[in-house]
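This report concerns only the one structure given below.
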Amino acid sequence: MTTKTHVLALDQGTTSSRAIVFDQQGGIVARAQHEFEQLFPRPGWVEHNPEAIWRSQLRAAREALDLADLSPGDIAGVGITNQRETTLIWDRATGEPIANAIVWQDRRTADLCDRLRNAGFADTFQQKTGLVLDAYFSGTKINWLLEHVDGARERAQRGELAFGTVDTWLIWKLTVGRVHITDATNASRTLLYNIRTGQWDDELLEHLSIPRELLPDVRPSSEVYGETDPELLGTAVPIAGVAGDQQAALFGQMCMTPGMAKNTYGTGCFMLLNTGNKPRTSKHNLLTTIAWQLGDEVEYALEGSIFIGGAVVQWLRDGLHMIDSSSEIEKLAASVDDNGGVYLVPAFAGLGAPHWDPYARGTLVGLTRGTTAGHIARAALEAIAFQTADVLEAMHADAGMDITELRVDGGAAANDLLMQFQADVLRVPTVRPKVTETTAAGAAYLAGLATGVWTDRKQIAAQWQVDRRFEPTMSDDRVHKLRERWLEAVKRSRGWEPTAG
Ligand SMILES: Nc1ncnc2c1ncn2[C@@H]1O[C@H](COP(=O)(O)OP(=O)(O)O)[C@@H](O)[C@H]1O
Ligand SMILES: O=P(O)(O)OC[C@H](O)CO
């Protein structure tokens with residue numbers, strides 16, 4: 001058992017980089033957060049500057065350590081969790097990125113996905129990777145960079161370039177020896193990794209024309225991968241845990257046994273259901289993904305990825321200026337008794353699970369002269385819950401197991417009106433834990449397990465505590481009517497754009 005009792009979690013998200021110091025009780029000792037710029041060079045494109053990701057993350061880490069008033073020598077390990085699928089390629093010799101990172105929300109490769117689907121490859125990709133052929137995942141983004149950045153393909157073939165998701169980039173930057181690795185959860189989001197054999201897959205690499213030389217080694221989610229450069233945090237600290245942010249949240253929510261599910265209400269919404277040690281192929285347009293790999297043991301999850309969740313609230317705030325802060329939406333939505341027949345389908349980046357339509361666009365229907373800002377606010381919150389209900393229904397059909405409660409986290413899970421409506425339309429209780437930084441907690445636990453801060457999963461599961469449980473109260477008939485109208489609105493949003501951008 002280590003005498004070091006704290007863990008630093010780095011949570012590199014889509015809009016901000018966070019760093020949180022946890023103690024051995026799973027309590028938060030200090031946190032720091034920095035937003036960074038979102039780049040939208042063309043409609044449907046979303047990029048990040050790799051150096052901005054790195055700088056904001058390093059700054060947050062240093063500040064959290066300062067605030068914790070611990071010396072870095074008290075930190076047993078660093079856990080990394082990250083926005084997934086976002087794709088970076090850099091030069092192995094100089095560390096220089098060859099282009100901006102292409103973010104998971106970016107739709108520029110939708111036509112390549114169509115071509116691969118039309119060539120009959122969808123089943124192969126689904127069987128091997130658990131994913132659907134969508135622009136969301138890294139594989140087609142890597143292909144795009146190799147095709148469009150001058151000389152990139154030749155340099156990649158010569159082994160001069162490195163690909164990574166954000167975890168890989170951060171570990172490269174944090175380590176003296178430029179460690180080039182990822183973990184199995186992140187690898188399972190690339191369209192290149194065979195989740196059954198645990199290997200990069202040559203056939204898929206060929207379909208996407210990606211040279212193997214680009215790829216990092218794939219490692220379990222909890223072990224020591226290397227040490228941080230002492231110049232960065234004041235001393236060398238072992239990097240000891242890595243997981244994609246949604247898998248880390250599943251771990252942090254202690255959904256450790258088959259049938260346990262969580263939904264994270266951040267920019268998007270991501271529901272994951274633990275399905276145990278066998279991958280289950282979805283027949284209802286969900287993803288099969290690696291939940292975590294501990295040693296040689298791989299556990300799997302079904303996932304429903306919703307591209308726009310809390311971001312619809314941000315849009316009401318920053319786009320329409322209807323509210324000044326995200327939390328104000330609750331009061332505005334509560335100013336009306338119901339949605340007044342208004343439905344908002346926030347297909348701003350196409351639709352993810354279970355519809356997978358990159359050509360869908362945002363749609364607001366059912367407006368009358370009596371429609372108020374309150375109705376629109378309510379429709380926005382309800383849309384988050386309806387999308388989640390569509391995913392839960394698909395999950396139930398796929399998994400054939402009863403989901404008896406949904407553990408919730410993420411920024412919008414603070415909204416009581418949303419959480420009650422969510423329980424109502426799911427007909428399943430929603431349960432909010434006391435520590436809602438579950439993503440960072442998951443990364444901290446993974447790192448702490450590898451460095452002796454915690455001995456086993458049982459010990460950490462005991463740290464999870466309920467803040468509030470929302471029970472379903474709405475009549476079945478009303479739920480049915482509301483969801484029927486919602487699905488009608490979804491139909492109208494579909495196929496709106498002739499090209500994905
Ligand atoms: N009280 C609230 N009601 C509804 N949405 C909220 C509330 N507070 C925050 N949000 C939304 O939650 C999101 C931020 O959550 P967070 O978990 O920090 O997201 P991310 O990790 O994706 O950046 C934002 O989109 C914001 O609009
Ligand atoms: O950065 P977040 O929290 O919006 O999560 C993004 C997901 O990992 C995308 O798959």
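For all residues, glycine too, the Cβ spot is worked out from N, Cα and C.
Curation does not apply to TrEMBL; its annotations are automatic.
Per TrEMBL, ADP binding site is recorded for Thr14, Arg18, Thr267, Gly310, Gly411, Asn415. There are 17 other Cβ atoms within 10 Å of the Cβ belonging to Gly411 (ADP binding site).
Feature annotation from TrEMBL assigns ATP binding site to Thr14, Thr15, Ser16, Thr267, Gly310, Gln314, Gly411.
Residues or ranges marked as sn-glycerol 3-phosphate binding site in TrEMBL: Thr14, Arg84, Glu85, Tyr136, Asp245. Asp245 (sn-glycerol 3-phosphate binding site) falls within a helical segment according to DSSP. Same-chain residues at least 6 positions away in sequence with a Cβ under 8 Å from that of Asp245 (sn-glycerol 3-phosphate binding site) are, in sequence order, Asp11, Gly13, Thr81, Asn82, Gln83, Arg84, Thr264, Thr439.
Long-range Cβ contacts of Glu85 (sn-glycerol 3-phosphate binding site) within its own chain (separation 6+, distance under 8 Å): Trp104, Tyr136, Phe137, Ser138, Lys141, Thr165, Arg189, Thr190. Feature annotation from TrEMBL assigns glycerol binding site to Arg84, Glu85, Tyr136, Asp245, Gln246.
The average pLDDT computed over the domain 'Carbohydrate kinase FGGY N-terminal' (7-252) stands at 95. The domain 'Carbohydrate kinase FGGY N-terminal' annotation in TrEMBL covers 7-252.
What TrEMBL lists as domain 'Carbohydrate kinase FGGY C-terminal' is 262-450.
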Given that the record lists Thr14, Thr15, Ser16, Thr267, Gly310, Gln314, Gly411 as binding ATP, what is the largest C-alpha to C-alpha distance among them, in Å?
14
Of Thr14, Arg18, Thr267, Gln314, binding-site residues neighbouring ligand 1, Cβ under 6 A:
Thr14, Thr267, Gln314
Which ones, of the binding-site residues Gln246, Thr267, Gly310, Gly411, Asn415, have a Cα no more than 10 Å from the Cα of Thr15 (ATP binding site)?
Thr267
Annotated binding-site residues Arg18, Tyr136, Gly310, Asn415, filtered by Cβ under 6 Å to ligand 2:
none
Gly310 (ADP binding site), number of other Cβ atoms within 10 Å:
25
Just to be sure I understand: of Gln246, Thr267, Gly310, Gly411, Asn415, which binding-site residues have a C-alpha no more than 10 angstroms from the C-alpha of Ser16 (ATP binding site)?
none
Sort out the sequence-distant neighbours of Gln314 (ATP binding site) for me: same chain, 6+ apart, CB within less than 8 Å of its CB, listed by position.
Thr267, Ser326
